[in-house]
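J.: What Swiss-Prot records for this protein is below:
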type	residues	note
ACT_SITE	Glu53	active site
ACT_SITE	Asp71	active site
DISULFID	Cys24-Cys145	disulfide bond
DISULFID	Cys48-Cys133	disulfide bond
DISULFID	Cys83-Cys99	disulfide bond
DISULFID	Cys95-Cys113	disulfide bond
DOMAIN	19-147	domain 'C-type lysozyme'
SIGNAL	1-18	signal peptide
Amino acid sequence: MKALVILGLLFLSVAVQGKVFERCELARTLKKLGLDDYKGVSLANWLCLSKWESGYNTKATNYNPGSESTDYGIFQINSKWWCNDGKTPNAVDGCHVSCSALMENDIEKAVACAKHIVSEQGITAWVAWKSHCRVHDVSSYVEGCKL
């Protein structure tokens with residue numbers, strides 16, 4: 001019985017933590033989902049953005065008290081403009097997706113929303129990209145990934 005309780009707690013902690021991608025695993029996944037050079041944004045830039053936004057963690061969240069909104073998932077997509085979390089005042093839901101869907105281990109919906117965002121606003125919509133990736137050599141993010 002004690003072993004079942006411990007096993008249950010282990011599974012619960014994995015479910016709450018979500019998937020933290022390895023760098024090259026994420027590179028292959030993003031490439032497969034069509035982000036490599038999407039709207040002129042290189043795969044290395046998407047990896048840099050993901051690293052600085054979420055640490056490659058699908059369950060990452062960040063509350064923004066000023067706008068009463070939350071950033072969700074591997075790309076930290078904001079509930080004020082892009083997804084519906086049911087609690088952000090005057091939310092737009094530009095991607096027509098629930099914010100919880102952006103935190104799934106299968107990142108297909110997060111990628112679809114990221115494509116929508118970059119199509120409308122460009123990669124500069126992400127503050128972390130502007131701060132950590134824009135003027136840097138990001139080639140190391142895909143180095144050795146055998147793409």
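Numbers run from 1 along the shown chain.
Here the Cβ of each residue, glycine as well, is placed from N, Cα and C on the backbone.
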J.: Just checking: which of Cys48, Glu53, Asp71, Cys83, Cys133, Cys145 have a Cα that is within 10 Å of the Cα of Cys113 (disulfide bond), counting only these recorded positions?
T.: Cys83
J.: Of the disulfide-bonded residues Cys24, Cys95, Cys99, which sits closest to Asp71 (active site) by Cα distance?
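T.: Comparing Cα positions, the candidate nearest Asp71 (active site) turns out to be Cys99.
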J.: Here are some disulfide-bonded residues: Cys24, Cys48, Cys83, Cys99. Which one has the most Cβ atoms within 10 Å of its Cβ?
T.: Cys83
J.: List, in sequence order, those recorded positions among Cys48, Glu53, Cys83, Cys133, Cys145 whose Cα sits within 10 Å of the Cα of Cys95 (disulfide bond).
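T.: The recorded positions close to Cys95 (disulfide bond) (Cα within 10 Å), listed in sequence order, are Cys83.
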J.: Say you check the Cα of Cys145 (disulfide bond) against those of the recorded positions Cys48, Glu53, Cys83, Cys99, Cys133; which is nearest?
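T.: Minimum Cα distance from Cys145 (disulfide bond) across Cys48, Glu53, Cys83, Cys99, Cys133 lands on Cys48.
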J.: Which of the disulfide-bonded residues Cys24, Cys83, Cys99, Cys133 has its Cα closest in space to the Cα of Glu53 (active site)?
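T.: Out of the listed candidates, the nearest Cα belongs to Cys133.
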J.: Do you know offhand how many angstrom separate Cys24 (disulfide bond) and Cys48 (disulfide bond) by C-alpha?
T.: 12
J.: Neighbour count, 10 Å Cβ-Cβ cut-off, for Cys133 (disulfide bond): what number do you get?
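T.: Neighbour count, Cβ to Cβ under the 10 Å cut-off: 22.
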J.: Provide the three-state DSSP residue tally for the domain 'C-type lysozyme' (19-147): helix first, then strand, then coil.
T.: 53 helix, 16 strand, 60 coil
J.: For a quick check of packing: other C-beta atoms within 10 Å of the C-beta of Asp71 (active site), how many?
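T.: Other Cβ atoms found within 10 Å: 24.
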